[in-house]
Every structure is written in C-alpha cells, then in structure tokens.
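Trainee: I am attaching a structure below and will ask some questions about it afterwards.
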Amino acid sequence: MAEQNNNDGNAFGYIPTLWITALFVGLFFLTTVVHIGQALYYKIWWLIPTFAFCGLGEVLGWAGRLWGSQQPYVLDPFLMQICCTIFSPTFLTAGMFFIFGRIIGLVGPEYSRLRPKTYAITFLSLDMAALIVQAVGGSQASAAETLEGANRGAKVMVGGIILQMVAITLYVLIQAEYLVRVFKDKPIHPRPAPATAMATLSPPAGDGGARTPNTYVGESDAEKLQPKATLAIAPVTGRQRVTKNIGLMLLGLVIATVFIYVRSIYRTIELLDGWNGPIITNETLFNVLDGMQILLAMVTLNVLHPGWLVPLTKAEAPQTTV
C-alpha cells in the first residue's frame with residue numbers, strides 16, 4: 001500500500017498513544033501466558049493453536065501499534081497491526097466451537113441438529129474460510145500501489161469478517177436452540193434406550209418360604225426362593241446433565257461470544273468506511289471496540305476455562321438414575 005490513507009503520510013490517521021499500546025501488549029501477553037499454562041496443565045493441546053495463537057497474534061498486533069506510536073509515518077507498523085488484529089480472533093472462535101461441541105457430547109447429542117463431529121467440521125471450516133479470505137484481502141491491501149487498490153483489499157477483508165460473523169451467528173442460533181431443547185427436554189433424535197437391572201424382591205411375610213415359579217438356572221436354592229423383577233433405569237435427561245460447572249462454561253461462552261460479536265460489527269463498519277474514513281482514524285473506537293473486546297473475551301475464558309469446568313471424559317458426567 002504505497003499511498004498512505006492520510007495526506008501527511010501517517011497511515012494510522014493519528015499517533016497511537018504510547019502507554020495505551022504498551023498496556024495492551026502487556027495485558028495480552030499475560031492472558032496468553034496463562035492460556036498456554038492452562039493448556040499444558042490440563043493437557044488440552046488444541047488450546048495452543050486456538051486460544052494461545054489468538055493471544056500471540058494480538059500481542060504482535062499491539063506491538064505493531066506500539067511501534068507505530070514511535071514511528072507513525074512508517075507503513076510497516078500499520079500493516080502489522082491491521083493484519084494481526086483482524087486475523088487473531090478467528091483462532092479464539094475456533095476454540096469456542098471445540099468447547100461447545102464437547103458440551104453437546106456430554107449433555108446429549110440427541111438435542112442437537114448437528115452431531116458433535118459434524119458440528120466441529122462445519123464451524124471450523126467456516127472459521128478457516130473466513131481466515132483465508134481475510135488473509136487474501138490483507139495481501140491485496142498491502143501490495144496495492146494506490147489508495148483505491150488498498151480499499152479494494154479492505155473490502156475483501158470485510159468479506160472475511162462478515163463470513164466470520166455468519167459463522168458466529170449460526171453458532172449462536174444453534175447453541176440457543178440446543179439449550180432450549182435441553183431444558184424443555186425435547187430431543188430431535190431418538191433418545192438412547194434405557195438400561196435395565198435385576199432386582200430381588202423379598203417374599204411376602206407368611207408364605208413359608210414357598211418356591212415360586214420365578215427361578216433361574218445356576219442360582220442357589222436360597223436365591224431361587226426369592227422372586228425377581230426387572231427394573232428399568234430411567235435415562236438422565238439433558239437438563240440433569242447440565243452440572244454447575246457445565247453451566248458456568250456455557251456462561252463463559254456466551255460472554256465471550258458477545259465481546260467477539262461487538263468487535264466483528266465494529267471491524268466490518270471500520271473497513272467498509274475505507275482506510276481514510278472517520279472510524280478507522282479514531283483511536284478511542286479501536287481501543288474500546290477491538291482491543292478491549294478481545295482482551296475481555298480471552299480473560300473470560302481464562303477464568304471460565306474448559307480445563308476445570310468441562311469433564312474430560314463422558315464417564316465423569318452423570319449417566320443414569322433409577
């Protein structure tokens with residue numbers, strides 16, 4: 001992007017505030033280190049290429065803004081921050097899709113329109129497609145020789161952000177329908193057949209221990225004298241499987257989704273407005289509606305973390321009750 005978005009040669013349209021950029025670099029670094037530590041501690045390795053990659057990308061993006069605060073007339077800091085801060089949240093949403101797919105498997109796939117594996121493949125594919133489109137747009141904008149060409153690249157990047165918003169919107173709708181069906185106990189697919197158990201009933205008082213027709217091969221005489229009954233074990237409903245911890249994990253996903261959605265709306269309007277529009281050249285809007293939103297989403301998932309909230313195996317979740 002040889003031609004800058006501002007006549008004075010400052011691609012930002014302002015000089016980024018030093019202490020604010022340094023603060024965001026430090027805060028993103030801290031939450032990223034915590035996410036890496038949590039991934040290693042709980043041995044949830046897919047958190048590295050999702051939550052941790054998002055944090056690392058944000059650190060690089062805000063480092064670019066920190067660099068730009070010292071050299072606002074150099075183009076590279078601007079390109080570094082614009083690309084990294086646009087791409088990075090894609091990795092965060094990928095991790096959130098993984099978590100909700102895990103919750104579906106624990107609470108009950110029968111309430112979901114998509115099986116957990118199909119759910120993961122569908123939304124991760126949309127997420128990766130959004131990342132690729134944003135990368136293509138970023139490359140076009142960076143290589144453009146004119147402001148018009150850079151704006152065309154920005155619009156391609158907007159397409160990637162909109163695709164990401166579509167994925168998040170579908171995710172929210174499917175999540176909402178799933179939770180409604182769980183709490184109203186209205187499964188879409190057939191519920192697994194309930195288990196059965198044998199129970200020994202004491203003989204009625206005064207029968208003299210008479211032998212009954214309910215006898216079984218291989219039993220002792222004493223056991224044969226006891227009448228038997230087959231008891232059906234009622235299946236646990238999805239609502240009963242939503243433990244306190246799973247409920248907290250769902251709350252964390254909802255909060256993080258709101259932050260990411262606000263940020264996506266802002267970035268869409270920002271880039272549609274062009275490189276020299278009043279939105280992209282407003283530092284306060286960027287700090288609050290981009291940096292703060294992603295930081296809060298990451299911190300929320302530090303606190304409400306799948307490592308301690310979501311059971312690692314289905315055996316840890318309640319299965320049946322009599």
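Cβ atoms here come from the backbone N, Cα and C positions, even for glycine.
When I checked TrEMBL for this same protein, it listed these features:
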- 12-37: transmembrane segment (TRANSMEM)
- 44-63: transmembrane segment (TRANSMEM)
- 78-107: transmembrane segment (TRANSMEM)
- 119-136: transmembrane segment (TRANSMEM)
- 156-174: transmembrane segment (TRANSMEM)
- 246-266: transmembrane segment (TRANSMEM)
- 286-304: transmembrane segment (TRANSMEM)
Trainee: Do we see three or more Cβ pairs under 8 Å linking the transmembrane segment (246-266) and the transmembrane segment (78-107), pairs being at least 6 apart in sequence?
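Mentor: Counting Cβ pairs under 8 Å (6 or more apart in sequence), the transmembrane segment (246-266) reaches the transmembrane segment (78-107), since there are 3 or more.
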Trainee: Using a cut-off of under 8 Å between C-beta atoms, tell me which stretch among 12-37, 44-63, 78-107 contacts the transmembrane segment (286-304) the most.
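Mentor: Counting Cβ pairs under 8 Å, the winner is 12-37.
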Trainee: How about long-range neighbours of the transmembrane segment (156-174): same chain, 6 or more residues beyond its ends, C-beta under 8 Å?
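Mentor: Residues 86, 89-90, 93, 96-97, 100, 112-114, 119, 123, 126-127, 129-138, 140-141, 257, 260-261, 264-265, 267-268, 271-272 contact the transmembrane segment (156-174) from elsewhere in the chain.
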